[in-house]
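**Student:** For reference, the structure I am asking about is given below.
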Amino acid sequence: MSKSDQEHTTTEPTIVAEEELRIPELLPLLPIRDVVVYPFMIIPLFVGREMSIKAVDQALAGDRMIMLATQHDIGDEDPTPDKIYNVGTVAMIMRMLKLPDGRVKILVQGLVKARIAEFVEFKPFHTVRIERLVEPVAVDNLETEALMRTVREQLAKIAELGKQISPEVMVILENITDPGSMADLIASNLGLKLSEAQMLLEIEDPVRRLTKVNDLLAREHEMLSVQAQIQNAAREEMGKNQKEYYLREQMKAIQQELGDHDGKEELEELRKAIETARMPENVEKEALKQLGRLERMHGDSGEAGVIRTYLDWLIEIPWSKTTRDSLDIIRAKKILDEDHSYLDKVKERILEFLAVRKLNKQMKGPILCFVGPPGVGKTSLGKSIARALNRKFVRISLGGVRDEAEIRGHRRTYLGALPGRIIQGMKQAGTRNPVFMLDELDKLGYDYKGDPSAALLEVLDPQQNNAFSDHYVNLPYDLSNVLFVATANHSDPIPSALFDRMEVINIPGYTEEEKLEIAIRYLVPRQMKDNGLKAKHIVFEEEALKEIIAKYTREAGLRNLEREIGNVCRKVARKIAEGHKRQIRVTPAAVATFLGAAKFLRDDEMDKNEVGVVNGLAWTSVGGEVLHIEATTMAGKGGMALTGQLGDVMKESVQAALAYIRSHGSEFHINPDWFQENEIHVHVPAGAVPKDGPSAGCAMATALISVLTKVPVKKDVAMTGEISLRGKVLPIGGLKEKILAAVRAGMKMVIIPEQNRKDLEDIPKAMQKKVKIVPVKEIDEVLKLALEKFPIPAPKGKAKPATPKVVVRPSKEISA
């Protein structure tokens, strides 16, 4: 290490400019523990290690320059080179003071950054060869200026939040124009972690270093903001608690002076409420036991609040209060007819219940389940039943319920526990014999918390529900006098054990005539009232309502019909509000003006008799539909293609129909070798709509026989029925909806299975007069009615297979 020519006699040398500094290549190294020194930073250091003191002495004996580098571990007394950061700062020792305990205090000023290239000597102190780090000159542009201004603002904000920043530093920052110097000054005054401070020291680009400082300032600002919020909240809470404690103590003192014991009065009120609640003996015994526990507790304890809530529930649950049933059958029938047209099966069942109840007062309530499509009146029917019986009505929706505790409640050990939906509904009703509706029963779910449908088994079992146990109440409750009414759109999702406990009443969709009558009697008056209209403002023609039903709604229920009627009423209300004086008459021609273009067009009827095209009947979630089942043949190597998104059951129906045809090929004059040389393609239009079900078997067989024998099928004949390998026609479901679809499509004849003859009782006589319904037992009877010629004549020549007509069907899920 070179020595200065001039001997230093003062401890505070004159600092020269950075460009005038001559930094020696070899310098003594002073490892520092818990601080990072930046250029131009002035800081006092306490030196206690013998090796470090010798390094300071060596620097003072020369040009006072020393290399400062931070060691990784502050507790390491003798750090090896690999435990010292290789980037540090060359500093000038400005002052030195020897302390009585042998340590040395020095005041140093950082000069320039440098990197340790190698360790030259290790004894008696570390001597290192350094490489000076020259920073690139920052470009003076708007982005740099904006960054520096942002940093100043960030620093001012954290100073306002309580960060100790020297006022002198704030003044210096206002005059600094170099981003690197600004970054170093802030970093040295921010109190950063050792790793963060070292990381900033090692960044050579001044703009990038200042950007990192800005990020650290933003983090510090956010941390100080959160800290201030926590301190304010704690201060407020402490003040609030102290105030409450002071007021509570004052209140206790005042109550003692007045002889007022509010807690005892509350307990006495609870005791009286328990005695007047007419609880069963075992329930009253448990309530008094819990009241005794409450009396022995401090009023402010958490357990006391739990017991008090539990006692409130026991008092409010109706243990013995009932409403007196209205057993007037004539009155009940009148109420049911007022609220709902048709639905005769449901009304008949309720009147039967009233009749039996009149003869046997101890009869338990039935458990009914209404199954039908949306909008047919299942939920509103429950309200009518309650009104007819003079009972309270309570409804809970089970759609989306996935937790058993929703039905049975939570045990009282859980924080915020409450009874389940059943007990809550009974409390809401206020009597022990309400009409209790379990809506959307088929929408129940289940997960790892349990299966709520299993919890309903006890509720809906007349043999068990006289002692229903809720987890929260934990006492038997009698539900046997409750008239449970469940509703569902489909019966398939309901578990069989639960389904078996209920009396299922199917509510099919309405015919167009029924919808028309309901619209005239109920929907139009209700929508006129809801929209503030009177008879002098609007009148609906019957043909206009038919137009709305036929072309603007396609559903089994009435919701869309009421919605469209309401849409017309709103438009009329607007015209009246705008000053229209005359009565507005809604005619069929005016419907399109109010509602726009028709939403549903009739495309079910074919133009002529065609080969290989049959009118099948299907049931959908919105009622019945006519399906045009098409078949064609082509040259090939045998085989059959099925298209139209057919389900497995429908595909098997086609296979069964083809097997029957091949086994009876001679009757239809079909050469057995034909199936080896040709291919068959069966298609059901509306290919985007999934279709499944066995009831298209007859239609499939008829289409195949027609295309194989080239005998056309009558265009005005529709059919439904499953086919067996022996040619038997088997029964199907949804007959009313399917016949309604046939009538709507203009069919003149509907072929149904003989075993469905009993279901004709449910079909209105008016509908049966519009179409000829023919029950059949075998496929030969179907062919005789559906084909133009039967028996099949022998072919005279080879004919080209007929090209089926493609018909576009509405997009909805279809079950044949």
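Including glycine, each Cβ sits where the backbone N, Cα and C put it.
For reference, Swiss-Prot lists these features for the protein:
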| type | residues | note |
| --- | --- | --- |
| ACT_SITE | Ser695 | active site |
| ACT_SITE | Lys738 | active site |
| BINDING | Gly372, Pro373, Pro374, Gly375, Val376, Gly377, Lys378, Thr379 | ATP binding site |
| DOMAIN | 27-221 | domain 'Lon N-terminal' |
| DOMAIN | 608-789 | domain 'Lon proteolytic' |
| REGION | 795-816 | region 'Disordered' |
**Student:** Fill in the CA-CA distance, Gly372 (ATP binding site) to Lys738 (active site), as an integer in Å.
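**Tutor:** With the alpha carbons as reference points, the distance is 15 Å.
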**Student:** Tell me, what is the mean pLDDT of the domain 'Lon N-terminal' (27-221)?
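**Tutor:** A mean pLDDT of 86 is what the predicted model shows over the domain 'Lon N-terminal' (27-221).
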**Student:** Between the recorded positions Thr379, Ser695, where is the Cβ count within 10 Å the lowest?
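**Tutor:** Result for the recorded positions Thr379, Ser695: minimum number of other Cβ atoms within 10 Å at Thr379.
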**Student:** Could you tally the C-beta atoms, other than its own, that fall within 10 angstroms of the C-beta of Gly375 (ATP binding site)?
**Tutor:** 20
**Student:** Starting from the Cβ centroid of Gly372, Pro373, Pro374, Gly375, Val376, Gly377, Lys378, Thr379, the recorded ATP site, name every other residue in that chain with its Cβ within 8 Å, sequence order please.
**Tutor:** Phe370, Thr487, Asn489, Ile507, Ala556, Gly557
**Student:** What Cα-Cα separation, expressed in whole Å, is found between Gly375 (ATP binding site) and Ser695 (active site)?
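**Tutor:** On Cα coordinates alone, these residues lie 26 Å apart.
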**Student:** Measuring CB to CB from Gly377 (ATP binding site), give everything in the same chain under 8 Å that is also at least six residues away in sequence.
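**Tutor:** In sequence order, His340, Leu343, Ile507, Gly557, Leu558 meet the Cβ cut-off.
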**Student:** Fewest other Cβ atoms within 10 Å: which of the binding-site residues Gly372, Pro373, Pro374 wins that one? Let me know.
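**Tutor:** If we count Cβ atoms within 10 Å for the binding-site residues Gly372, Pro373, Pro374, the smallest count is at Pro374.
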**Student:** Near Lys378 (ATP binding site), how many other Cβ atoms are within 10 Å of its Cβ?
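**Tutor:** A 10 Å sphere around the Cβ of Lys378 (ATP binding site) contains 26 other Cβ atoms.
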**Student:** Give the distance between the Cα atoms of Pro374 (ATP binding site) and Ser695 (active site), rounded to the nearest whole Å.
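**Tutor:** Spelling it out, the Cα of Pro374 (ATP binding site) and the Cα of Ser695 (active site) are 23 Å apart.
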**Student:** Specify the count of other C-beta atoms within 10 Å of the C-beta of Lys738 (active site).
**Tutor:** 27
**Student:** Take the Cβ of Val376 (ATP binding site) and count every other Cβ within 10 Å, whichever protein chain it belongs to.
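**Tutor:** Summing over all protein chains shown, Val376 (ATP binding site) has 25 other Cβ atoms within 10 Å.
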**Student:** Per DSSP, to which secondary structure element type does Lys378 (ATP binding site) belong, with helix, strand and coil as the options?
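**Tutor:** Reduced to three states, the DSSP call for Lys378 (ATP binding site) is helix.
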